[in-house]
Amino acid sequence: MWSRDAIELLLAAFSFGSQRVLAQVELFMEKVRRIPGRNVPRHVAIIMDGNNRWAKRRLLPGVAGHKAGVDAVRAVIEVCADSGVEVLTLFAFSSENWQRPADEVGALMELFLSALRREARKLDENGIRLRIIGDRSRFHPELQAAMSEVEEMTAANHRFVLQVAANYGGQWDILQAAQHLATEAQAGRLNPAEITPALFQSYLATGDMPLPDLCIRTGGERRISNFLLWQLAYAELYFSDLYWPDFKHVAMRKALADFATRQRRFGKTGEQVESEVKAEC
C-alpha cells in the first residue's frame with residue numbers, strides 16, 4: 001500500500017496542475033502500476049453525470065454533451081485497464097431517463113447504437129469483454145441485436161470487463177432477482193430457507209462480477225440515483241465537480257489515488273484493519 005505522505009503529494013500535484021508536475025505524476029503512476037499489492041479497486045462503478053450541463057455552458061444542444069462524453073469513456077477505460085482495475089461499470093441510461101424529452105432520448109439511442117458498432121472491434125482487439133446490464137425489452141430490436149452481437153464477439157476476452165448499465169435501476173435489479181428466486185422456490189428447485197446474501201447477489205444483473213469497491217459520480221451531485229443499490233453497500237464513494245466530458249485521464253487517476261488513501265473497515269475497527277495489513281506484509 002502507498003504511504004499516506006506519497007498519496008498526499010500525488011493529490012497535491014494533481015491539484016497544482018502544471019504540465020511539468022503532471023509529467024512527473026505520469027512517471028510516478030507508471031512506476032506505481034508495477035507495485036504488487038497496491039491498493040487498487042477491482043471494480044469501479046461510475047455515474048456519468050453532467051453531459052447536458054457541459055453542453056449548455058457551451059451553448060450547444062444536449063446531445064453534443066453526450067457525444068463529447070464518449071471521449072471520456074475511452075479515457076477512463078484506458079486508465080482503469082492500465083491501472084489493474086478488473087471491472088468498470090458505467091451508468092449510461094437509467095430506467096428513469098425515459099422521462100427526458102423524446103428527441104433527447106432518440107438521440108441517445110442513436111448514439112448508443114453507433115458507439116456499439118464503431119467500438120466493437122476495438123474492444124475485442126484490446127481484450128475487453130462487454131456486458132450490458134439492465135432491462136433490454138424497451139429498446140428497439142436493432143439496438144438489442146447490436147448489444148447481443150458485441151457481447152458474443154467479446155465474451156471470451158479476459159483482460160478487462162466493461163459493463164454498461166442501460167435501462168437500469170437498482171430497485172428494478174433487486175426486484176427481478178427476488179422474482180427469479182421466488183419462481184425457483186415455487187417450482188421446488190430452491191428452499192427459501194437456503195437463500196443467502198451470496199445467492200441473492202448471484203441473481204442480480206451483475207451476476208458473478210466482484211462488488212464495486214469504488215463508485216464515482218461526476219457533475220457535482222452527491223447521490224447515487226438508484227444505481228447498484230445492493231452492490232454499493234460497502235463501496236467507497238468519490239464525487240467530482242467535473243462534468244463527465246471533462247473527466248478524463250488525470251481526473252480518473254486522481255480518483256484512484258484518493259481511493260488508495262481510504263481504509264476500508266467492513267465493520268471492523270481501524271486498529272484491526274491495520275493489524276491485518278501488517279500481518280499480510
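Note that Cβ sites are derived from N, Cα and C of the backbone, with glycine treated the same way.
Going by TrEMBL, these are the annotated features:
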- Asp49: active site (ACT_SITE)
- Asn97: active site, proton acceptor (ACT_SITE)
- Asp49, Glu236: Mg(2+) binding site (BINDING)
- 50-54, His66, 94-96, Trp98, Arg100, Arg217, 223-225: substrate binding site (BINDING)
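Recorded features from TrEMBL, shown on the structure.
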{"residue": "Asp49", "record": "active site", "Cβ within 10 Å": "24"}
{"residue": "Gly50", "record": "substrate binding site", "Cβ within 10 Å": "25"}
{"residue": "Asn52", "record": "substrate binding site", "Cβ within 10 Å": "20"}
{"residue": "Ser94", "record": "substrate binding site", "Cβ within 10 Å": "21"}
{"residue": "Glu96", "record": "substrate binding site", "Cβ within 10 Å": "11"}
{"residue": "Asn97", "record": "active site, proton acceptor", "Cβ within 10 Å": "16"}
{"residue": "Arg100", "record": "substrate binding site", "Cβ within 10 Å": "14"}
{"residue": "Arg223", "record": "substrate binding site", "Cβ within 10 Å": "11"}
{"residue": "Ser225", "record": "substrate binding site", "Cβ within 10 Å": "13"}
{"residue": "Glu236", "record": "Mg(2+) binding site", "Cβ within 10 Å": "18"}
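Of all the Cβ atoms in the protein chains shown, 24 others lie within 10 Å of the Cβ of Trp54 (substrate binding site). DSSP assigns Trp54 (substrate binding site) to a helix in the three-state reduction. In this structure, Asn97 (active site, proton acceptor) is part of a helix by DSSP.
Rounded to a whole value, the Cα-Cα separation of Asn52 (substrate binding site) and Asn97 (active site, proton acceptor) is 13 Å. With respect to their backbone Cα atoms, Arg100 (substrate binding site) and Asp49 (active site) stand 14 Å from each other. Cα spacing between Glu236 (Mg(2+) binding site) and Arg223 (substrate binding site): 13 Å, rounded to the nearest whole number. Taking the C-alpha atom of Asn97 (active site, proton acceptor) as reference, the shortest distance to any of the recorded positions Asp49, Trp54, Arg223 belongs to Asp49. Taking CA atoms as the reference points, Glu96 (substrate binding site) and Asp49 (active site) are 14 Å apart.
DSSP gives Arg223 (substrate binding site) a coil state; it is part of no helix or strand.
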